Amino acid sequence: MAANKPSTSSIDVDGDTRHHVPSQSASPVDGRWAVVVVIAAFIGRAIVSMQSSYMPLLTVEWEKRLGVTPSQVSWASTLANAPRFVIAPVAGALNQKFGCRPIVFVGGFCAMTSILLLSMTNKLWQIFICSCLIGTSMGLVYQGTVIIVSVYFDKWLGRANGLAYSGVGLGIMAGSPLMALLIEVFTWRGALLIVAGLVANLSVTAAVYRPLTWWSKRKKDTKGRNAPRPLTNDYLEDEDAVDGEIEIILNLPADSSMNSFEHGETVELQPLVSVVDPAHTGDPLQVVRNGPDDTVIYPDVQSENAIHKMDRKKYIQPRESIEKFHTETSLQHDINTKRKSCQYCVVKFRQFINNFLDLFGFNLLWKNSNVLLLCLIATFQGGGYYPSYVYLPSYVVSSGVSELRASFIFTIMGLCSLVGRLTHGFLLDFKLITPTKLYGLTSVLAGCSLYIIVTFGTYPAFVVYAIIFGLSTGAQIPLCPVMTKMYTAPSELASAFGLQSFFTGISQLLVTYLLGLLFDWTNDYRSCFCLAGALLCIGGVIGFLIDPWNRWRHRLDEEIGDGI
């Protein structure tokens with residue numbers, strides 16, 4: 001039991017021995033505050049995902065009020081969802097630069113403002129602009145909620161991710177009936193006003209997204225309030241390491257005085273050498289040469305007027321630097337000439353392109369083949385998953401189902417999605433199946449479920465489709481961050497996930513537009529769902545191929561190593 005007792009350090013001051021027990025701040029990763037972060041991420045994703053379920057209901061209202069075709073008004077729903085993923089690389093870079101808390105706060109405020117503007121629109125182009133602003137703002141919030149959970153969890157990432165993503169299922173389940181009820185009571189303009197107030201809570205959830213540096217600063221502040229300790233090796237090892245380096249901060253007072261541990265006295269440290277202004281016209285200065293590099297030091301003088309507060313480098317410098325000063329004009333002329341040259345412009349342009357690719361993570365596409373495969377999966381997933389939400393309400397209503405009963409299809413889908421998000425983490429924790437195989441299986445099942453409503457087109461068929469599709473996609477979407485963390489370095493996590501979301505949004509835009517053209521050509525929604533189901537199945541097949549691809553690469557590397 002004595003071995004488990006925390007060690008104490010003693011300081012002898014005036015013969016008195018004071019024992020100090022250093023404060024041990026628990027790590028926030030997998031800790032108690034991480035649970036608070038998961039709850040906030042759950043609420044945030046629930047509010048963001050409500051947009052996917054209530055936007056199709058608004059498109060139906062706009063068709064009636066504005067007299068536009070379904071293919072035209074479907075762009076409003078697409079523009080509200082696609083920018084959420086297209087902006088992902090930018091959102092990932094902003095989260096890495098400024099942190100998740102300010103970015104999510106700004107995104108929530110902008111989303112609320114955009115929804116308020118949407119409630120005042122009267123033209124189709126105004127709806128398109130407001131929808132794009134909503135999608136962009138929601139993208140800032142969505143990326144922040146994904147990244148913050150990956151930062152605060154390591155050991156229990158699977159379960160935490162499933163719990164946070166279950167908010168998506170809750171949002172889909174509650175969003176459609178809530179919007180249908182609000183539209184019936186307050187019309188679509190009044191409903192959007194209420195939704196704007198609900199979206200404002202995204203900025204509130206951002207308050208708990210503390211960066212990990214906040215905990216390290218809190219630990220340092222706690223140490224500063226404790227009794228002073230001698231700078232022993234144990235104390236140095238207890239300091240927080242930032243980027244692999246030990247950071248020691250000594251807060252000296254402004255009067256150059258500090259507490260000495262000897263006899264408990266305060267010793268005034270007087271400077272030995274003062275900084276003197278060479279332009280001082282008083283007594284002549286004596287130049288002292290010191291050091292092997294022939295360093296010039298201006299000694300102390302008694303006159304206070306000679307003291308000039310400037311940078312130390314301007315007074316302690318090699319003598320050769322004075323001679324180099326005379327050639328500054330010619331060197332600057334040569335530098336300016338080089339900057340104007342065509343070769344310099346080409347080099348700077350290449351550097352700009354490389355920095356741009358590195359900033360947003362596009363260089364990972366050719367540096368890491370697994371990231372490329374994950375982006376292909378995300379492309380097919382975006383092309384098959386989200387367009388089904390866009391055209392599903394219109395297809396259900398065109399099949400003779402009332403709007404209220406059609407809204408319950410989304411409720412069933414959201415409930416099953418919630419179950420899938422909560423249960424898939426246990427399959428991964430007990431190692432019953434690998435994440436890539438589970439992703440491939442759920443993607444194929446989601447694609448096959450679309451052919452059920454294509455074949456039958458009755459209300460029971462829609463219910464069966466909602467159950468299978470909800471369970472499959474509920475387990476499929478949370479697997480994307482898990483697979484990304486498996487095949488990328490921690491420093492590349494935000495960029496890799498941002499790339500996947502980017503390709504998801506691009507695919508969503510293109511496929512939704514193609515499905516709209518396909519519907520105008522065939523005047524039948526079933527052809528649209530056939531194409532969406534095929535894309536989901538192709539993405540599932542690629543998911544099955546990731547593990548064999550890595551095994552083949554590993555075996556090939558071993559053979560090359562043995563040959564060398």
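For all residues, glycine too, the Cβ spot is worked out from N, Cα and C.
Features of the protein shown, as given by TrEMBL:
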| type | residues | note |
| --- | --- | --- |
| COMPBIAS | 1-11 | compositional bias 'Polar residues' |
| DOMAIN | 37-551 | domain 'Major facilitator superfamily (MFS) profile' |
| REGION | 1-26 | region 'Disordered' |
| TRANSMEM | 31-48 | transmembrane segment |
| TRANSMEM | 103-120 | transmembrane segment |
| TRANSMEM | 126-151 | transmembrane segment |
| TRANSMEM | 163-183 | transmembrane segment |
| TRANSMEM | 189-209 | transmembrane segment |
| TRANSMEM | 371-392 | transmembrane segment |
| TRANSMEM | 404-426 | transmembrane segment |
| TRANSMEM | 496-519 | transmembrane segment |
| TRANSMEM | 525-546 | transmembrane segment |
Check for me, if you would, whether the transmembrane segment (126-151) reaches the transmembrane segment (525-546) - at least 3 Cβ pairs under 8 Å, residues 6 or more apart in sequence. no
What residues in the same chain, six or more past the boundaries of the transmembrane segment (404-426), come closer than 8 Å to it by Cβ-Cβ distance? 53, 57, 158-159, 161-163, 165-166, 168-177, 180, 392-393, 396-397, 438, 442, 459, 462-463, 466-479
I'd like to know if the transmembrane segment (525-546) touches the transmembrane segment (189-209) in this structure, counting it as a touch only when three or more C-beta pairs sit under 8 Å and are separated by 6 or more positions. no
Excluding the flanking five residues on each side, which residues at least 6 beyond the ends of the transmembrane segment (163-183) place their CB within less than 8 Å of a CB in that stretch? 38, 41-54, 56-58, 61, 145, 149, 190-191, 194-195, 403-404, 407-408, 410-411, 413-422, 425, 470, 474, 477-478
Average the pLDDT scores across the domain 'Major facilitator superfamily (MFS) profile' (37-551) and report the rounded value. 76
Same-chain residues near the transmembrane segment (371-392), Cβ under 8 Å, at least 6 residues beyond its ends: 52-53, 56, 59, 70, 74, 77-78, 81-82, 85, 364-365, 409, 439, 443, 446-447, 450, 469, 473, 476, 480, 483-484, 487-488, 496, 499-501, 503-508, 510-512, 515, 519, 525, 528-529, 532-536, 538-539, 542-543, 545-546, 549
